[in-house]
């Protein structure tokens with residue numbers, strides 16, 4: 001089986017690492033999983049996941065990009081390719097690698113050579129107009145997670161308006177409104193991973209059409 005490389009991107013503080021943690025906890029009993037995190041000067045996110053005992057330590061690699069976060073996932077992804085190769089050497093049965101980018105702006109996207117698909121994470125506290133502002137992460141990511149919906153009343157965001165704007169921005173692409181700390185929205189993301197990436201429940205003919 002081909003190892004699925006799933007990117008997770010979004011601005012600083014939007015909930016990327018929490019999503020990685022929650023997905024790993026939910027999927028690790030069913031699939032062989034590993035994680036790569038990207039930080040500019042530290043391995044803070046990797047250390048957090050290790051300390052939380054989400055996965056075995058050897059299944060988590062922290063990459064220090066030393067520069068613009070989006071460069072390491074697009075223009076020069078060599079460090080991440082090396083990390084992928086290292087994980088596959090350690091575990092020859094890997095089914096899913098979650099690859100978290102460093103925090104970046106709305107223009108960041110993953111190289112299609114690096115990942116098979118990517119989830120983009122924004123949060124309500126950044127403003128209800130984020131979907132209208134667009135950007136490649138919002139409009140072209142394979143799945144969009146609008147996180148921290150519980151904060152809407154405190155930051156003056158009308159969720160109904162934000163959802164309508166998201167529908168327009170996504171143009172049919174999948175998304176969910178979530179509070180990932182409480183696992184709200186998690187089921188939709190997992191269902192998408194299983195159906196669209198792992199192609200579970202699809203016939204050979206329909207799976208071929210999806211590739």
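Heads up, residue numbers simply count up from 1 along the chain you see.
Backbone N, Cα and C atoms are what each Cβ position is placed from, and that goes for glycine too.
Remember, it's a predicted structure, so these values are computed and weren't measured experimentally.
Taken verbatim from Swiss-Prot:
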- 10, 11, 12, 13, 14, 15, 16, 17: GTP binding site (BINDING)
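Structure with Swiss-Prot features highlighted.
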residue : record           : contacts (Cβ under 8 Å, 6+ apart)
13      : GTP binding site : 103, 123
14      : GTP binding site : 103, 121, 122, 123, 126, 147, 148
15      : GTP binding site : 121, 123, 145, 147, 148, 180, 181
16      : GTP binding site : 8, 9, 10, 45, 100, 101, 103, 121
17      : GTP binding site : 37, 45, 48, 49, 100
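Neighbours of the GTP site: apart from 10, 11, 12, 13, 14, 15, 16, 17, residues of the same chain with C-beta atoms within 8 angstroms of the site's C-beta centroid are 103, 121, 123, 147. Residue 12 (GTP binding site) is surrounded by 10 other CB atoms, counting those within 10 A of its CB over all protein chains shown. Cβ neighbours within 10 Å of residue 10 (GTP binding site), excluding its own Cβ and spanning all shown chains: 29.
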